[in-house]
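Have a look at the structure below before the remarks.
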Amino acid sequence: MNRVPGDAENAHSSSVESCPSLRDVHSINPAQLMARIESYEGREKKGISDVRRTFCLFVTFDLLFITLLWIIELNVKGGIETTLEKEVLQYDYSSSYFDIFLLAVFRFKVLILAYAMCRLRHWWAIAFTTAVTSAFLLAKVIISKLFSQGAFGYVLPIISFILAWIETWFLDFKVLPQEAEEENRFLIAQDASERAALLHPGVLSDGQFYSPPESVAGS
């Protein structure tokens with residue numbers, strides 16, 4: 001005869017113990033979703049993404065590296081002032097490296113303006129700079145007399161060509177896909193949080209899980 005109250009007490013205690021787990025399910029999941037949304041919004045407010053910032057740093061490295069090689073080339077030819085006057089003021093397309101330096105400046109300005117300031121999410125800007133760089137360098141190698149001027153006749157055009165195509169690969173295969181994936185995750189998390197808010201508008205109270213302390217049998 002005492003088994004029924006004992007079973008009722010056990011059922012009552014098990015229901016009370018299961019109450020926190022239910023509350024945790026309803027409270028933790030929306031919090032995790034909101035944390036993801038807030039982190040994404042924080043990155044948007046902070047500025048450009050980490051992968052885009054890396055791309056901009058590589059574009060800056062492109063300009064600085066070509067500038068360094070050009071300065072070394074000026075020193076090798078007999079002094080910066082004399083060679084600079086010859087290559088800039090007395091510019092000759094067939095023998096000067098000044099246009100390769102200007103090509104690096106052109107890439108830097110266009111890419112930083114498009115992908116850092118305007119935050120463009122399309123490949124047309126990098127395609128334009130890479131096409132212009134490739135066409136100009138191919139024409140200069142074919143028409144000019146750079147190969148007769150020593151090692152720099154090979155190094156500067158080849159390095160400039162390789163850096164331009166590395167920038168294209170990095171933007172097309174790293175920056176744009178990763179940013180699109182992060183945006184899709186944000187949209188999915190936002191949609192899930194809205195669904196959770198509609199299905200579970202509030203946290204269930206403890207009293208909703210308790211049975212009456214005493215009940216009459218057969219009632």
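For all residues, glycine too, the Cβ spot is worked out from N, Cα and C.
Predicted automatically and left uncurated, TrEMBL annotations should be read as such.
Bear in mind that the values here come from a model prediction, so they are computed numbers and not experimental data.
Now, the feature entries from TrEMBL:
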DOMAIN    48-219  domain 'MENTAL'
REGION    1-21  region 'Disordered'
TRANSMEM  55-76  transmembrane segment
TRANSMEM  96-116  transmembrane segment
TRANSMEM  123-143  transmembrane segment
TRANSMEM  149-166  transmembrane segment
Remark   = Same-chain residues at least 6 beyond the ends of the transmembrane segment (123-143) with a Cβ under 8 Å from one of its Cβ atoms are 93-94, 99-100, 103, 106-107, 110-111, 114-115, 157, 160-161, 164-165, 167-168, 171-172, 176
Inquiry  = Do any residues, 6 or more residues outside the transmembrane segment (149-166), come within under 8 Å Cβ-to-Cβ of it, and if so which ones?
reply    = 58, 62, 65-66, 69-70, 72-73, 76, 95, 97, 100, 103-104, 107, 129-130, 133-134, 137, 140-141
Query = Mean pLDDT for the domain 'MENTAL' (48-219), as a whole number?
reply = 85
